[in-house]
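According to TrEMBL, the protein has these features:
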type	residues	note
DOMAIN	5-129	domain 'Dihydrodipicolinate reductase N-terminal'
BINDING	Gly11, Pro12, Arg13, Gly14, Arg15, Met16, Gly100, Thr101, Thr102, Ala126, Pro127, Asn128, Phe129	NAD(+) binding site
BINDING	Lys39	NADP(+) binding site
DOMAIN	132-266	domain 'Dihydrodipicolinate reductase C-terminal'
ACT_SITE	His156	active site, proton donor/acceptor
BINDING	His157, Gly166, Thr167	(S)-2,3,4,5-tetrahydrodipicolinate binding site
ACT_SITE	Lys160	active site, proton donor
Amino acid sequence: MTDTIKVIVAGPRGRMGSEALRMIEKEDNLELVACIDHKHDGKKLSELDGLPAFDVTIYADINTCFESVQADVLVDLTTPEVGYLHTKTALEYGIRPVVGTTGFTNEQLEELTDLAEEKGLGTVIAPNFAVGAVLMMQFAKMAAKYFPDVEIIEKHHDQKLDAPSGTAVKTAQLIQDVRESKKQGHPNEKETIQGARGADMDGMKIHSVRLPGLVAHQEVIFGSSGQNLTIKHDSFDRASFMSGVKLAVEQVMKLDLLVYGLENLLD
Ligand SMILES: NC(=O)C1=CN([C@@H]2O[C@H](COP(=O)(O)OP(=O)(O)OC[C@H]3O[C@@H](n4cnc5c(N)ncnc54)[C@H](OP(=O)(O)O)[C@@H]3O)[C@@H](O)[C@H]2O)C=CC1
Ligand SMILES: O=C(O)C1=N[C@H](C(=O)O)C[C@H](O)C1
């Protein structure tokens, strides 16, 4: 029998945080021990409407939470600024972070990587917990070896704070590992409306669509003489992320450093 993993969720009222609570409720090896939510300090989670009725306390202040409750893992599903501070604080308290929050800068990721190593604490930062999205990124990396001309179109709901998405940035980074730096399009092309050609990462273009009705979708389009290859993934429901969150919570207990991307935890 495996030991129960004691979990704190930050952002429990959010689209992802509430889904994570529903996942934890179903899993015998995960135990929710507290939540962090800046708006409901001191309440019990069971007092909030529409969420699983866990009898755990909500803390607005992360330090107070970590000083009051013994936990193994912090699952952070908040906002870029808050998520970064939470991850850093968790490491300082000896609690392993599993971070779905996107929008961290490269400098923040480097700092957290160093801190996790210094503390010898497992940390998972995964821009996308859906296994299909991880495969889409891996397939894109494979294709980029043969097709250096590539554009990424990511489409999300219109409540998303960061653009481009964490998944699009991670995809471009994986492609960068195998693609020689190349400026795409016509050398003399000019935008007549600013932003028309999208964001630029090492010559690759990334386009961010935000519309009501969307959840999380991405197409990676490769172009070559006489052919195109499109690799596409859609999350229609946030349940698609939950097997990845569960895997990350279990695996982070076995790690002593930071891993960036769920692909590092899959066989
Ligand atoms: N890795 C992955 O697979 C996925 C990652 N994400 C990422 O997860 C993050 C959350 O996404 P989503 O659930 O859609 O966003 P939501 O806006 O639905 O949820 C974020 C929650 O965090 C809360 N929050 C804000 N500040 C604090 C704080 N200081 N302490 C505790 N809670 C706080 C918000 O409360 P309030 O609104 O009241 O301020 C809100 O309830 C985003 O960064 C998103 O990109 C999303 C989907 C999949
Ligand atoms: O905000 C979202 O919804 C999502 N965020 C992640 C990202 O930025 O890539 C993962 C997924 O795309 C959903």
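Placement of Cβ uses the backbone N, Cα and C atoms for every residue, glycine included.
Computed from a predicted structure; not experimentally measured.
A map of TrEMBL features onto the structure.
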residue	record	Cβ within 10 Å
Gly11	NAD(+) binding site	24
Arg13	NAD(+) binding site	17
Arg15	NAD(+) binding site	14
Lys39	NADP(+) binding site	9
Gly100	NAD(+) binding site	26
Phe129	NAD(+) binding site	25
His157	(S)-2,3,4,5-tetrahydrodipicolinate binding site	14
Lys160	active site, proton donor	16
Gly166	(S)-2,3,4,5-tetrahydrodipicolinate binding site	21
Thr167	(S)-2,3,4,5-tetrahydrodipicolinate binding site	25
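Checking the recorded positions (Gly11, Arg15, Lys39, Thr102, Pro127, His156) against Thr167 ((S)-2,3,4,5-tetrahydrodipicolinate binding site) with a 10 Å Cα-Cα cut-off leaves Thr102, Pro127.
The domain 'Dihydrodipicolinate reductase C-terminal' (132-266): residue composition by secondary structure is 45 helix, 39 strand, 51 coil, according to DSSP.
Taking a Cβ cut-off of under 6 Å from any atom of ligand 1, the binding-site residues Arg13, Arg15, Lys39, Gly100, His157, Thr167 reduce to Arg13, Arg15, Lys39, Gly100.
Across the structure, the residue listed as 'NADP(+) binding site' and Arg13 (NAD(+) binding site) are spaced 10 Å apart at their Cα atoms. With a CB cut-off of under 6 A applied against ligand 2, the binding-site residues Arg13, Lys39, Phe129, Gly166, Thr167 are reduced to Gly166, Thr167. Take the mean position of the Cβ atoms of His157, Gly166, Thr167, the recorded (S)-2,3,4,5-tetrahydrodipicolinate site; other residues of that chain with a Cβ within 8 Å of it are Thr102, Pro127, Asn128, Glu154, His156, Lys160, Asp162, Ser165, Ala168, Ala216, Gln218. Spacing of Pro127 (NAD(+) binding site) relative to Gly166 ((S)-2,3,4,5-tetrahydrodipicolinate binding site) is 5 Å (Cα to Cα, whole number).
Closest in space to Gly100 (NAD(+) binding site), of the recorded positions given as His156, His157, Lys160, Gly166, is Gly166, taking the CA atom of each residue. For Thr102 (NAD(+) binding site), the same-chain residues 6+ apart in sequence whose C-beta sits under 8 angstroms from its C-beta are Pro80, Pro127, Asp162, Ser165, Gly166, Thr167, Val169. The two recorded residues, Lys160 (active site, proton donor) and Arg15 (NAD(+) binding site), have Cα atoms 11 Å apart.
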